[in-house]
Amino acid sequence: MNYLILISFALLVITGVESARDAYIAKPHNCVYECFDAFSSYCNGVCTKNGAKSGYCQILGTYGNGCWCIVLPDNVPIRIPGKCHR
């Protein structure tokens, strides 16, 4: 009986948890949203529109100048290693 309660509680916790991550938000074809001004609100707008807490322009980052989002939901595509196919 105790195992049934423990398993039920674990399933409740697992299904109710949504995770998020910090990453470069990706356009279709695995390309980053490019930015050129670190003080512009462009990236923050792109990120928050897609459900992130905030965002900023990462200058000279891994994929060049791109929008970096903080606490981006899992259902939003992020830039992954590999080529950008424009």
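Just so it is clear, glycine is given a Cβ too, placed from its N, Cα and C backbone atoms.
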- Item | Of the candidates Cys35, Cys47, Cys69, the one sharing a disulfide with Cys57 in Swiss-Prot | Cys35
- What residue among Cys43, Cys47 is stated in Swiss-Prot to be the disulfide partner of Cys69? Cys47
- In Swiss-Prot, Cys43 is listed as disulfide-bonded to which of the following: Cys31, Cys67? Cys67
- When a 10 Å sphere is centred on the Cβ of Cys43 (disulfide bond), how many other Cβ atoms does it contain? 26
- Query: Taking each of the disulfide-bonded residues Cys69, Cys84 in turn and counting other Cβ atoms within 10 Å of its Cβ, which one has the fewest?
  - Reply: Cys84
- Cβ neighbour count (10 Å, all chains) around Cys31 (disulfide bond) is 16
- Message: Neighbour count, 10 Å Cβ-Cβ cut-off, for Cys35 (disulfide bond): what number do you get?
- Response: 20
- Query: Where DSSP helix means H, G or I and strand means E or B, what are the helix, strand and coil counts for the domain 'LCN-type CS-alpha/beta' (21-85)?
  - Reply: 8 helix, 29 strand, 28 coil
